[in-house]
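Novice: Take a look at what TrEMBL says about it:
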ACT_SITE  CYS299  active site, nucleophile
BINDING   CYS172, ALA173, ALA174, PRO175, GLY176, GLY177, LYS178, ASP195, ASP226, ASP244  S-adenosyl-L-methionine binding site
COMPBIAS  78-102  compositional bias 'Basic and acidic residues'
DOMAIN    72-372  domain 'SAM-dependent MTase RsmB/NOP-type'
REGION    78-113  region 'Disordered'
Amino acid sequence: APRVPATRLALQNFDMNYSLQFKDAWPSIRVSLLLRAEQKYGALVNNFADVGRVTQELELLNAVDFISEALHKVQRLQRDPVAEQAGREDGASQEAPGEHQAVKQAEAPPPLSASVTSNIKCYTFPRGDVTRFRSARPDILGILNYYLMDAASVLPVLALNIQPNDFVLDLCAAPGGKTLAILQTGFCGHLAANDVSISRTRRLHQILNSYVPKQIREAVCVTSWDGRNWGELEGGTFHKVLVDVPCTTDRHSVMEEENNIFNKRRSKERQMLPMLQLQLLVAGILATKPGGEVVYSSCSLSQLQNEYVIERAVEIAETEFNIGTHVEDLSHFRTLFQDTFSFSSDCRLGELVLPHLTANFGPMYFCKLRRA
């Protein structure tokens, strides 16, 4: 029998599972995932380059820094409390909580003004505009001026809300886009960037070499350990931990044959993903100090790889390690960034950016846990 392409196997799997999960919304999400030409990127500005020049060039292209745009929106809303409440309600979820919801989100989201304090700048083209950014160019010091990535990938880093002198761990750091975004905050007291794959860690080194000055680069501790064991290696050490897990990488899986997790030879690896994700998240919880925060993220739409992993990790942290955690409410992200991204309205825990024809970013799931 002819070999079925992994991309087709992926799409068959998604059609079966996501049509149940998303019901009538799935055809639109499906089309967006499959349209390579419409996929949108963001330009993460490199604060170590000539920022004034880079931002000027991007603004001349009619691109907008979606983060500062959201902060201006906050300031406008704060001057009008009625509008602020309306904005919250616009971004609010209409979900019906599951009957057996074991984990509750924290009751009240923080005030919008406190939710994003960041030096991160990420430019995107407006909704419906599928203009492409050109490749980044080196400045006079040889440092590249911006990094092209799915703009939704910046959201988990914003959710970390890194504060001055925080000790930060990026547990599954390669290829390095989120590590680079963490460095753009300028706040890390210490940054550990880890990835189990030595070849992917090489890619991380390349990105750091291309974007970050030597003295800052040398302060980043890059390792290739199995992240599942991190709690045993350096438990209770970090203020903030990012656990950006290996997943079915849904967009890649329907588009690219190379390195596709739906390849028949990788079926066992794919079936074990939720267990691996769970082990990594538990290790991330163990790596945080009491009062510290963990952001879990994936680029999958699957509840098995998203909410269910969160619920199980909270349970295991409690029963096996006697560590209490609670899920933070990130619904204010929807209020802030609904002009740029299309968010799911029925995510039980955390937030999910859905691919959408006029805002074709994601998928990107992210959820924040606070350790007691």
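Cβ atoms are placed via backbone N, Cα and C, with glycine included.
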Novice: What's the number of neighbouring CB atoms sitting within 10 A of the CB on ALA174 (S-adenosyl-L-methionine binding site)?
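Specialist: Its Cβ has 25 other Cβ atoms within 10 Å.
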Novice: Just counting, how many other CB atoms are there within 10 A of the CB of LYS178 (S-adenosyl-L-methionine binding site)?
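Specialist: Total other Cβ atoms inside 10 Å, all chains included: 24.
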Novice: Could you tell me the C-alpha distance between CYS299 (active site, nucleophile) and ALA174 (S-adenosyl-L-methionine binding site) in angstrom, no decimals?
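Specialist: Answer for this pair: 14 Å between alpha carbons.
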Novice: Within 10 Å of the Cβ of the residue listed as 'active site, nucleophile', how many other Cβ atoms can be counted across all chains shown?
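Specialist: There are 23 of them.
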Novice: Any same-chain residues 6+ apart from CYS172 (S-adenosyl-L-methionine binding site) with CB under 8 Å of its CB? Would you list them in sequence order, or say none?
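Specialist: In sequence order, ASN194, ASP195, VAL196, GLY227, VAL243, ASP244, VAL245, PRO246, LEU280 meet the Cβ cut-off.
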Novice: If you average pLDDT over the domain 'SAM-dependent MTase RsmB/NOP-type' (72-372), what do you get?
Specialist: 89
Novice: What are the sequence-distant neighbours of GLY176 (S-adenosyl-L-methionine binding site), meaning same chain, six or more residues apart, C-beta distance under 8 angstroms?
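Specialist: Spatial neighbours, sequence-distant, of GLY176 (S-adenosyl-L-methionine binding site): ALA193, ARG203, LEU204, GLN206, ILE207, LEU208.
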Novice: Please list residues from the chain of ASP226 (S-adenosyl-L-methionine binding site) whose Cβ is under 8 angstroms from its Cβ, counting only those at least six apart in sequence.
Specialist: VAL196
